[in-house]
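What Swiss-Prot records for Cys129, His335, Asn359 is active site, and it gives sequence analysis as the kind of evidence. Per Swiss-Prot, Ca(2+) 1 binding site is recorded for Ala663, Asp666, Glu668, Glu673. The Ca(2+) 2 binding site feature in Swiss-Prot is assigned to Asp706, Asp708, Ser710, Arg712, Glu717; the stated evidence is sequence analysis. If you look up Swiss-Prot, you'll see Asp736, Asp738, Ser740, Thr742, Glu747 marked as Ca(2+) 3 binding site. The Ca(2+) 4 binding site annotation in Swiss-Prot covers Asp801, Asp803, Asp805, Ile807. What Swiss-Prot lists as compositional bias 'Basic and acidic residues' is 623-635. Residues or ranges marked as domain 'Calpain catalytic' by Swiss-Prot on the basis of sequence analysis: 74-418. Taken from Swiss-Prot, the feature domain 'EF-hand 2' applies to 693-726, supported by sequence analysis. Residues or ranges marked as domain 'EF-hand 3' by Swiss-Prot: 723-758. The annotation region 'Disordered' is assigned in Swiss-Prot to 1-36, 600-651. What Swiss-Prot lists as region 'Domain III' is 419-587. According to Swiss-Prot, the region 'Domain IV' annotation covers 650-822.
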Amino acid sequence: MPTVISASVAPRTGAEPRSPGPIAQAAQGKGTEAGGGNPSGIYSAIISRNFPIIGVKEKTFEQLHRKCLEKKVLFVDPEFPPDETSLFYSQKFPIQFIWKRPPEICENPRFIIGGANRTDICQGDLGDCWFLAAIACLTLNERLLFRVIPHDQSFTENYAGIFHFQFWRYGDWVDVVIDDCLPTYNNQLVFTKSNHRNEFWSALLEKAYAKLHGSYEALKAGNTTEGMEDFTGELTEFFEIKDAPRDMYKIMKKAIERGSLMGCSIDDGTNMTYGTSPSGLKMGELIERMVRNMDNSRLRDSDLIPEGCSDDRPTRTIVPVQYETRMACGLVKGHAYSVTGLEEALYKGEKVKLVRLRNPWGQVEWNGSWSDSWKDWSYVDKDEKARLQHQVTEDGEFWMSYDDFIYHFTKLEICNLTADALESDKLQTWTVSVNEGRWVRGCSAGGCRNFPDTFWTNPQYRLKLLEEDDDPDDSEVICSFLVALMQKNRRKDRKLGANLFTIGFAIYEVPKEMHGNKQHLQKDFFLYNASKARSRTYINMREVSERFRLPPSEYVIVPSTYEPHQEGEFILRVFSEKRNLSEEVENTISVDRPVKKKKPKPIIFGSDRANSNKELGVDQESEEGKDNTSPDKQAKSPQLKPGNIDQESKEQRQFRNIFRQIAGDDMEICADELKNVLNRVVNKHKDLKTQGFTLESCRSMIALMDTDGSGRLNLQEFHHLWKKIKTWQKIFKHYDTDQSGTINSYEMRNAVNDAGFHLNNQLYDIITMRYADKYMNIDFDSFICCFVRLEGMFRAFNAFDKDGDGIIKLNVLEWLQLTMYA
């Protein structure tokens with residue numbers, strides 16, 4: 001049974017994974033989301049339909065920059081304005097920050113001084129050390145750095161108060177445009193700053209990342225893996241150091257040589273993620289500490305620039321709010337560090353493995369062996385000492401022995417890069433497949449396998465491992481692959497009360513007889529089959545990743561939250577050393593068509609809606625015995641069937657009599673009359689929970705069943721509808737297992753399939769959102785309305801799909817006729 005914890009666990013170890021392919025070029029578009037223009041992906045048709053309501057396509061950085069230069073104005077970002085709405089969302093800050101542009105803060109402001117490096121990052125009064133540790137790692141790889149931080153920006157040439165940065169966002173690269181207004185207090189930057197007072201790239205990068213997530217407060221607390229992946233688009237592996245392999249130092253050394261990014265931390269005993277406050281520390285307490293800290297800083301010395309003092313003097317760093325726990329050795333629990341180097345040095349004739357780390361605070365350091373104040377430096381060769389100390393010239397960076405490192409630190413993160421990013425042709429590349437998905441409450445949010453009644457409803461992805469690894473030292477026929485499940489937008493939605501879900505996944509082998517059919521595996525399969533592999537546990541992190549080795553075969557991956565009924569979006573990435581194929585199951589949309597014994601005569605209709613319903617002109621269940629009645633008379637005929645009336649059953653005669661009583665002499669019924677006849681019959685079924693069919697539902701039924709465009713139903717049309725309702729009623733009762741008069745929305749998938757409709761996961765999700773109530777139940781009238789609409793829409797599509805290729809072309813009149821009369 002799965003267990004749930006609130007901290008990460010180590011993945012299975014082995015050779016480090018590699019992400020695939022060349023680096024993608026950053027897309028320029030909407031500042032805070034993936035690209036501009038019309039959206040794509042999940043529910044793309046629905047979102048595209050409403051996209052003009054949300055806003056027009058965003059202008060690119062170049063367009064905005066050029067416009068500001070032409071008008072000779074400084075850019076002000078309307079999406080992330082320089083006011084309190086961009087700072088905190090949980091409560092108002094008691095101190096008034098002043099937003100200033102760099103030229104207003106100091107003389108001679110510079111974007112980058114002497115190249116961006118790890119010493120340019122000093123943490124301010126915000127708990128985002130995890131993000132700053134990732135920046136420090138990023139500065140070690142110039143190629144990656146230049147992609148995230150375009151270097152053609154300055155405060156002199158073509159300065160317009162506008163800057164841009166590029167981040168990976170769930171499969172896409174996005175260009176985030178900001179103005180250069182920064183929050184200050186006593187003329188000092190409140191948040192991240194550089195070691196040089198007049199250098200601003202790190203502060204502006206932090207602002208762009210805050211915009212990406214909606215506010216500065218949204219950056220409080222996180223994992224270095226998040227920042228690493230958003231800077232690279234690559235995959236991060238997570239190690240619990242106490243469970244690390246014996247060759248961990250070798251793994252770290254190899255990662256440094258490859259240019260991989262690494263971060264580490266020490267558990268604070270509260271099961272909180274890096275940079276978070278201890279349990280119980282609210283945002284209000286954090287703000288109070290920030291206020292006290294800034295006031296104390298103001299009293300210590302003046303922030304005014306002394307006359308004749310250059311603005312490029314070192315920044316006096318305000319030590320950030322220390323809700324992390326500082327240890328006697330100088331290390332800080334619950335705090336993120338960057339691993340910036342590894343070396344070996346001779347000490348008393350023996351080789352000692354060393355690790356170089358950096359604290360984003362820029363001040364608080366390790367004070368044990370190999371620290372700046374270490375008393376045994378005299379036992380180290382002078383040249384060796386000079387070489388090591390030359391590499392840690394700034395505050396916040398220090399050496400410690402590898403033994404001390406694994407003794408004190410508890411977690412290590414390694415962000416593995418592509419061969420292109422690593423600038424090496426010899427490194428092994430991995431192939432990748434990416435799938436987007438969504439958990440929808442009441443349909444596809446089934447929870448983990450502790451909940452067998454709903455686990456099977458989760459999204460399922462088929463994985464075909466086609467080729468074994470090339471490993472001459474391994475005789476097993478094995479495929480190595482890595483699965484990474486990432487939940488989307490939870491940090492940005494914090495202000496709406498969203499927190500990270502506890503997520504994980506399981507992998508099952510598909511029986512050979514089911515290979516290639518792409519069917520959604522049912523409840524019984526998971527009840528009687530054990531998983532072949534799974535994430536070690538369920539974790540409340542943005543991404544869960546795990547390395548596996550399985551024989552070539554076909555598998556199904558089931559990603560889920562720990563608890564059922566939790567809604568959210570995710571991406572599922574699969575990396576493998578050899579060729580693999582990963583895709584969502586049930587991606588074919590179709591409807592079972594009745595086998596017709598004779599081809600019906602062509603009928604001419606007066607509208608496109610009627611044309612889309614043309615197959616109802618002939619009874620689908622019994623087409624033999626047709627007479628030579630003309631189409632027009634046939635449509636108006638009061639006869640239930642073209643055959644002999646004497647063959648009618650007692651039920652059919654009763655049906656005809658009821659219909660005649662309601663319809664009158666013209667033998668056609670309108671929506672009001674349809675409502676009366678349906679409710680009159682349904683009310684006799686006390687086992688169906690329904691408040692009766694509404695007038696609007698009946699109007700929709702008429703529109704979807706009307707074969708002649710009259711706006712009414714004749715006997716034949718009504719009989720077809722009634723037979724369908726009776727068939728669907730049996731399906732409804734079959735899935736009403738508790739005889740409550742409703743069915744659980746999770747059962748709607750099977751009910752739809754039993755009715756002959758085959759949909760994909762997105763359509764099942766949409767049906768649940770459209771027809772289920774807040775208790776995830778569907779009553780009888782909603783159930784019938786859903787099936788009538790499916791029947792009508794499939795019939796309409798097939799009527800216009802002349803060549804059967806699954807694509808139709810409509811003009812605006814046809815489109816409006818089909819959608820307005822439905």
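Here, residue 1 is simply the first one shown, and the rest follow in order.
Glycine residues also receive a Cβ, built from the backbone N, Cα and C atoms like all the rest.
Cβ environment of Ile807 (Ca(2+) 4 binding site): Asp801 lie under 8 Å away, each six or more residues apart in the same chain. The average pLDDT for the domain 'EF-hand 2' (693-726) in the predicted structure is 87. With DSSP classes pooled into helix, strand and coil, the tally for the domain 'EF-hand 2' (693-726) is 23 helix, 2 strand, 9 coil. Residues Asp736, Asp738, Ser740, Thr742, Glu747 make up the record's Ca(2+) 3 site, and a Cβ search at 8 Å around their centroid adds Tyr735, Thr737, Gln739, Gly741, Ile743, Asn744, Asn777 from the same chain. The Cα of Thr742 (Ca(2+) 3 binding site) lies closest to that of Glu668, out of the recorded positions Cys129, Glu668, Asp708. Here is what falls inside 10 Å of the CA of Cys129 (active site) among the recorded positions His335, Asn359, Asp706: His335, Asn359.
Taking CA atoms as the reference points, Asp736 (Ca(2+) 3 binding site) and Asp706 (Ca(2+) 2 binding site) are 30 Å apart.
Nearest neighbour of Glu668 (Ca(2+) 1 binding site) by Cα distance, taken over the recorded positions His335, Asp708, Ser710, Arg712, Glu717: Arg712. Geometry remark: Arg712 (Ca(2+) 2 binding site) versus Glu673 (Ca(2+) 1 binding site), CA distance 10 Å. Between Asp666 (Ca(2+) 1 binding site) and Asp805 (Ca(2+) 4 binding site), the C-alpha separation comes to 41 Å.
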